[in-house]
Amino acid sequence: MTAADIDSKKRKRKHKAKKGEEAEPVKAHTNGAAAVEKPRKKSKKEHTPEPEVEDVVADASENDVESGAEEDEEQVNAELKEIAAKAKKAKKAKAAQDEDEDEDAAGSGANALAVADLPSGTSIPTVDDPTRFDELNLSERTMEAIKTMGFESMTEIQRKAIPPLLSGKDVLGAAKTGSGKTLAFLIPAIEMLSSMRFKPRNGTGVIVVSPTRELALQIFGVARELMEKHSQTFGIVIGGANRRAEAEKLAKGVNLLIATPGRLLDHLHNTQGFVFKNLKSLIIDEADRILEVGFEDEMRSIIKILPTDRQTMLFSATQTTKVEDLARISLKAGPLYINVDYRKEHSTVEGLEQGYVICDSDTRFRLLFSFLKKHQKKKVIVFFSSCNSVKFYAELLNYIDLPVLELHGKLKQQARTNRFFEFCNAQSGTLICTDVAARGLDIPEVDWVIQFDPPDDPRDYIHRVGRTARGSEGKGRSLMFLLPSEIGFLKLLKEARVPLVEFELPANKILNIQSQLEALITKNYYLNKSAKDGYRSYLQAYASHSLRSVFDVHKLDLVKVAKSFGFSTPPRIDISLGASLSRDKKVEGRREYGRQPQQGRRPMKPNKRF
C-alpha cells in the first residue's frame, strides 16, 4: 500500500470524526516510498544519505492522525512498517550497487565492465595545440608523476599523438628512436585506466607489446613511475622469466601489462586466471622490429585472440609492407597516421656526430682496444654481429684487465636484466652487445656508439646510433668500422639521408699488441675455444648478410679475419656457408626471446696484462 492510499484512509476517518474536531495535517508524500519530507536537491558529487528505517517509522508516526478506531491505527502502523521495510531493502540494494560500481569501475559482474567505450570524462586538452603537459588536462596523479620525472614540454610525437589518443582514436605513428614515444602511448593508456576506475578484478585493460625483453623492462620502469600515485596495477611478462610467478600475478589482476610476443601468446593460451576480455587498449611498440625477428605469426594470433572492441596504437620507426599488413589487421578503419620525420633533412638526430674508419680485418681489434683504452672514462656501446663474438671479446677484454659488460640473447634473463641496468646506472664504462640492445632502449648519457661489425642494413645502422644523442638536446658520437671491400655501404647510407664523415686514425696511435694476443689465445684453452666459436659465428653472420652485394663473404681475407680473433693462421672449423644460413639466423634471433639453453661461464685463470 502506498502513502497515497494511507492519505485516503485518513481523510475517511476525518469525515467520520465528531463535528468540530480537528485532525493534525499529514505531510505530502510525492515519491510513494516513505513518509518523510522530500530532501533538497544536491549536486551529483554530493551523496544524499538514505534515512534509517527507525527514522522513517518515527516521522510517519508523528504525522499520523488521531483516530478513535484502534484497529485502524494498528493497520496504518503495520502498513507504515511495511513501507519502511521496503525503504530499507531499497537502501541496501542502492548501497550494494554503489559499492559494486566503485570496485568494478561501473561493472555488473565479477570481472566484467559494462562500459564498452571510453567514458565521457576522458581528458580533453585545454588548448587547441598543446605544447606542455599541463595543457593536456590530465589527472592530478599523472601530472604529479610527470613533474617528478622532470618533464614539462612535450616532444613532437607527444604533441601530435597524445591528444587524439586521449580522445580514443586509433593511431599509426612513425617516429625516430629516442623521440619520446614511450610517454606518448603510456600517458593516454594510464589516463584511460584511471578514468574508468579499473580494479584488479577487472583484469587487463591495456597491453603493451615490445620486441625485446630489455625494451619491455624499460617501458615497465617508465610505467612504474607514471603510475606511482594511481591505484591501478601493472606488470610484465617476458621470455626467460618465471612463468608460474607471472601466471599468479595475472590471476590476481594486472591492469596494465607489458609483454614480449612469445610469452604473451603463451599466457593467452594457457593461463586460466588471465582476464583480458575487458581489454580497452593494445599498444604495439617497435612493430617493424617485432616482425624482423620473426614474430609475425605470433602477432597475428595475439590479435585474433584479443577483443576487437578496443583502441589500438601501433608505433614503428620504419614503414614496411609487413608493418602495413599488421596495421591493417590490428587497427580500426581510418586510423590517424602521424609521421614526425618526413620533413627532416637527416634520418638521424641532429646532435649526433657520425663517422667511419676504413681498416683491414687484422687491424680491427687493435683499433678497438686502443680506442677503449683511451676512452675508459666515457660511456661506450660496441655492437657485434653474433652472440659468440660478444662472448669472446668480453672474456678477452675482461681477462686483460679492460672491464666491459656483455649483453646478448644467450644470457639468462636475470643476467641480462642485471647487466642492462648496471650499465644504465653507470657514469662510465663499456657495453659490448648484439642488436638486442639496438632498438628503443633509453640508456642515459652514452658518449660513443661503436659498430665493430657492420649492421644488416641502413635501418639497423640508424637504430644502433640511436642509443646516443637521445632527446631534443642530446649529444653523442658514433664510429663504424668498415673493410675496404665494404665501402659500397656508404652509398646506401647516403641514400638513407645519413650524414657521415671519415675519421682518420694515425697508425702510431694504434697499439701493437698482435703478438701478445696470439700468444694468449694459443696458451689459454678457454679463450682459444671461445675465439673459435666467435670466428665461426662471425663468418656465418657475414655469409647471411642481407646486403650480399656489399658484404660478400668470398671477398674476406680469412687470414686477416683470423688474426682479429687472435689466431696466427685460420683455425679448422666446421662451417657451411649457404642459403640455409639466412633461415638459421632468423631462428637464432627468435631464440633470444624464447626458452634459453643453459649457459655456464667458463672458468678463467687470473688476469694477465698485455
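Any Cβ shown, glycine's included, is placed from N, Cα and C.
Taken from Swiss-Prot, the feature ATP binding site applies to Ala175, Lys176, Thr177, Gly178, Ser179, Gly180, Lys181, Thr182, supported by sequence analysis. Here the Cβ of Ala175 (ATP binding site) has 22 other Cβ atoms within 10 Å, regardless of which shown protein chain they belong to.
The compositional bias 'Basic residues' annotation in Swiss-Prot covers 9-18.
Positions annotated as compositional bias 'Acidic residues' by Swiss-Prot: 51-76.
According to Swiss-Prot, the feature compositional bias 'Basic and acidic residues' maps to 584-594.
According to Swiss-Prot, the feature domain 'Helicase ATP-binding' maps to 162-337.
The annotation domain 'Helicase C-terminal' is assigned in Swiss-Prot to 351-521 on the grounds of sequence analysis.
The region 'Disordered' feature in Swiss-Prot is assigned to 1-81 (among others).
What Swiss-Prot records for 112-131 (among others) is region 'Disordered'.
Residues or ranges marked as region 'Disordered' in Swiss-Prot: 584-610 (among others).
Sequence-remote contacts of a segment are chain residues at least 6 beyond its ends whose Cβ falls under 8 Å from one of its Cβ atoms, and for the motif 'Q motif' (131-159) they are 123-125, 166, 173, 175, 179-181, 183-184, 187, 190-191, 194-195, 225-230, 338, 340, 472. Residues or ranges marked as motif 'Q motif' in Swiss-Prot: 131-159.
Remark: secondary structure over the motif 'DEAD box' (285-288) totals 2 helix, 0 strand, 2 coil, with classes taken from DSSP. Annotated motif 'DEAD box' per Swiss-Prot: 285-288, in sequence order.
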Query: Given the binding-site residues Ser179, Gly180, Lys181, Thr182, and counting only Cβ atoms in the protein chains shown, which has the most within 10 Å of its Cβ?
result: Lys181
- request: Give the three-state DSSP assignment (helix, strand or coil) for Lys181 (ATP binding site).
  value: helix
Message: Suppose you look only at the domain 'Helicase ATP-binding' (162-337); what would the mean pLDDT be?
response: 92
